[in-house]
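Trainee: Just dropping this structure here.
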Amino acid sequence: MQAPPYRAAPPAAGERGPPPPIVYDLPSKSSSTSSSSSSSSSSSSSSSSSSSSSSSSSSSSSFSLFPVRLDAADAHLDLEVDASTGLSASCMHTNGCQYTWKGIRSTYGVRGSGQVYFETKVVHAPTVVMPETPVHTRNVCRVGVSLPLTSLFLGESSDSWGYGGTAKKSYSRKFENYGETYGVGDVIGTIIDLDDLRLSFTKNGKFLGVAYDLPPRVRDSGLFPHFCLKNVDIQVNFNAASAWFPPPNSKIQFLGDVPEKDLMANLVEHPASPKDCEFIMMVGVPACGKTFWAEQHCRANPRKSFVLLGTNAVIDQMRVMGVKRQSNYAERWEELMTTATSVFNTLIERASSGAVPRNVIIDQTNVFKNARRRKVQPFREWGVRRAVTIVTDERTLQQRTAKREREEGKFVPVSAVMDMKAAFSLPAYDDGFTEIEFPEMPEQDSRQEVRRMNEEGRRFKRENPRASGNQPKPHMESRQGEFAGEKDFRNAKRQRDDCGPYDSRRCPPSQADWSGGGEGWASGPQFSHSSWGDNYQGGPARRVECQRDFQGYDGKRQRHDYGPHGYGHGDPQGYGGPQGYGRGGPQGYGHGGPQGYGHGGPQGYGRGGPQGYGHG
């Protein structure tokens, strides 16, 4: 039997428990618009009612007390819902968000028997920059139904069924031809037949045929309208009074007009404010098991509808036909990580705003004390702020590292890992946490192992000054280079070794930066992590000069531009050359070089090299 998680001793004031359950006092459908003023004037008196009267009213009330609408508490963060009506949603589509799918369910679903109908209209498809993506798959709407408390990726599990604008129906990641293509201006009707257990669709009033036979269990579990979008804006309709097209026959009812007994409320928590929310920060070196714990925690607590923020979670949103995007980016991992980091920065802003109070998990290394303090700060209003620290023995860590490299292709330079080990400090209550948990090793054992890591990292830095001594502090530990997220790296104050104007061979894409985030690493060197970067995305010990250096030279090889002592490809002491931090060079941190920290070189810390920390 697995040992229970260990939790650090609480402060003297006592450990804060989970937030109390929230009771909603929602207006009825008939009075939600006509009596808004009277309900607001009597809110104070209703809030002071006794608990007995509250329980009696809640037991006698029905699920249809509130209009059926889109549920922002059961959605991805990069999908914006119209707060005034709840009947329209738009996709964020810049700074990398154009690559992500955004899912959302409705506030109410249907169960029991009967035939139910709702409509979805595609109202806008913004122009997006996705040069490597086929035009017909850049703006896609997928409509369907799902069971409550299941994945937001419609049609990619055994609990959801969808129909997409590319004329594909989807179930359990199986995409098959169905119906017709649709886009801006088209109205898709969804027919849920609980009598004959069938799911069908219409396009602009035209019946497209039965898409799926549904399992009998949906009559009891219920089905919810579900939408999964990529770079489209939609409007939805749940009532006959505002129908775009009538249902195929008179027996079919709009979901918003269904009898109360056959409706069920969305089961996710709907916190009233951030004070009722939980913030969790993962802490640990790369590959120690943070993401595994976070994902397991989300699955074990589906009602909390945690927003999991990390580069792995972002990449998961960038699916292509249900397949994780890294499978299609085998040779462009750095590019993918740069995009994922940009999305991550955007989502952090959204999550910490509290506009839609959500439970949040930050899945990064977070081993630096100053970094943790700054990251917790935007979430100080969250009622529970928990640090979950994953510490394991070195053998287990190496096994997990090898497994991650094998399965995900994610490789973090050893010099970066050693810097983290050298500076690793365990979280404390003065960082801003209300709870500290050690789910793997007990607290005292964790402290002992971290002390061993500290010594290992410091010894490595002493013995390998070129490998680690010149590495930059993560941005969270410095005050320089405050550019990140959607800010263009070219607008930052240039230091002597800063990147110059954009060059596609060495610099990040336009409107991007070298900012960090997550425990992965991205395209080469960087000194300017985002305020959420915690690791090294490259590993080289110095900033890179682009073809145009900081003095404005264009195409000339200066000291810091592709020449000796620079970080270009193939030159001595550069990327790929001897004593370089690239691929193939001796004493480099790339692939194949002796005394390098890459792949295959003797005395290297990569794959295949003897005396290395990698494979072989």
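Cβ coordinates are placed from backbone N, Cα and C, and glycine is handled just like the others.
Owing to the predicted nature of the structure, the values given are computational and were not obtained by experimental measurement.
Annotations per TrEMBL:
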COMPBIAS  1-16  compositional bias 'Low complexity'
COMPBIAS  28-62  compositional bias 'Low complexity'
COMPBIAS  444-465  compositional bias 'Basic and acidic residues'
COMPBIAS  474-506  compositional bias 'Basic and acidic residues'
COMPBIAS  525-534  compositional bias 'Polar residues'
COMPBIAS  554-563  compositional bias 'Basic and acidic residues'
COMPBIAS  565-616  compositional bias 'Gly residues'
DOMAIN    48-243  domain 'B30.2/SPRY'
REGION    1-62  region 'Disordered'
REGION    438-540  region 'Disordered'
REGION    553-616  region 'Disordered'
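Please go over these features one by one and say how buried each is and what sits next to it.
Mentor: Listed as Cβ neighbours of the compositional bias 'Basic and acidic residues' (444-465) (distance under 8 Å, sequence separation of 6 or more from its ends, same chain) are residues 285, 389, 391-394, 414-415, 418-426, 438.
Across the domain 'B30.2/SPRY' (48-243), mean pLDDT in this model comes to 91.
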Trainee: Could you give me the DSSP helix, strand and coil counts for the compositional bias 'Basic and acidic residues' (444-465)?
Mentor: 21 helix, 0 strand, 1 coil
